[in-house]
Amino acid sequence: MSVEKPKVVFVLGGPGAGKGTQCSRIVDRFQFTHLSAGDLLREERSREGSEFGNLIEDYIRNGQIVPVAVTCSLLENAMKASGKSRFLIDGFPRNQDNLDGWNRQMSEKVDFQFVLFFDCGEDVCVKRCLGRGQSGSGRTDDNLDSLKKRISTYNNDSLPIIKYFEGAGQVKRIDASPDAEQVFGEVEKILVASGF
């Protein structure tokens, strides 16, 4: 008898689009497990004795995307460790290499549902990230220099991935510029309509 494959929803959007905020609400309301590629990488970077720590640090500091095999392994390990079957994967895949790596390493192991795309203007995103940095987010990349690099990386690498999934009819687009409450109202409609 086959064990049901875990259901995966990718959560994408620019830096500061509200992915983390919305994911925590989805977890509370729909019993998903939230896996943030960025958080997993930051945890691994600071884990004592990590074989990938320095490598991850260099990529993150330079606003670049960490090699996909590292990220996929961290995601797969976290999925197994959770023992759960519904996952929000936040901030991944971020580029073509991520997508290709995921397809090689994970596509047979999961039941991919769709991309939840938080669409938000650059000005709103920058304001949110800088505010988050000033209020002590503890993130080394919530500053203007890193943000410029992150936004450029997002525009060049991540938007084409979102367009790819759109072409396949697998994107649920949400206007992420209103306040969190309003945005979550839209998220709820989509997840309920998708059978969650």
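Quick reminder: no glycine exception, Cβ is built from N, Cα and C everywhere.
Annotated in TrEMBL:
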BINDING   Gly16, Ala17, Gly18, Lys19, Gly20, Thr21, Arg132, Pro178  ATP binding site
BINDING   Arg42, Gln64, Ile65, Val66, Gly91, Phe92, Pro93, Arg94, Arg139, Arg150  ribonucleoside 5'-phosphate binding site
BINDING   Asn98  CMP binding site
REGION    36-66  region 'NMPbind'
Completion exercise
On the region 'NMPbind' (36-66), the mean of the pLDDT values is 86
Fill in the blank from the handout: The sparsest Cβ environment within 10 Å, among the binding-site residues Gly20, Gly91, is found at Gly20
Handout entry: List of residues, in chain order, with Cβ under 8 A from that of Pro178 (ATP binding site) and at least 6 apart
Key = none
Fill in the blank from the handout: Nearest to Gly18 (ATP binding site) by C-alpha distance, among the binding-site residues Ile65, Gly91, Asn98, is Gly91
Handout entry: Candidates Thr21, Asn98: member of the binding-site residues with the richest Cβ shell (10 Å)
Key = Asn98
Problem - Local Cβ density at Ile65 (ribonucleoside 5'-phosphate binding site) - other Cβ atoms counted within 10 Å - result: 20
Handout entry: Recorded ribonucleoside 5'-phosphate site residues Arg42, Gln64, Ile65, Val66, Gly91, Phe92, Pro93, Arg94, Arg139, Arg150, farthest C-alpha pair in Å
Key = 21
Handout entry: Nearest of the binding-site residues (Pro93, Asn98, Arg139) to Thr21 (ATP binding site) - Cα to Cα
Key = Arg139
Fill in the blank from the handout: binding-site residues near Arg132 (ATP binding site): from Arg42, Ile65, Gly91, Pro93, Asn98, Cα within 10 Å gives none
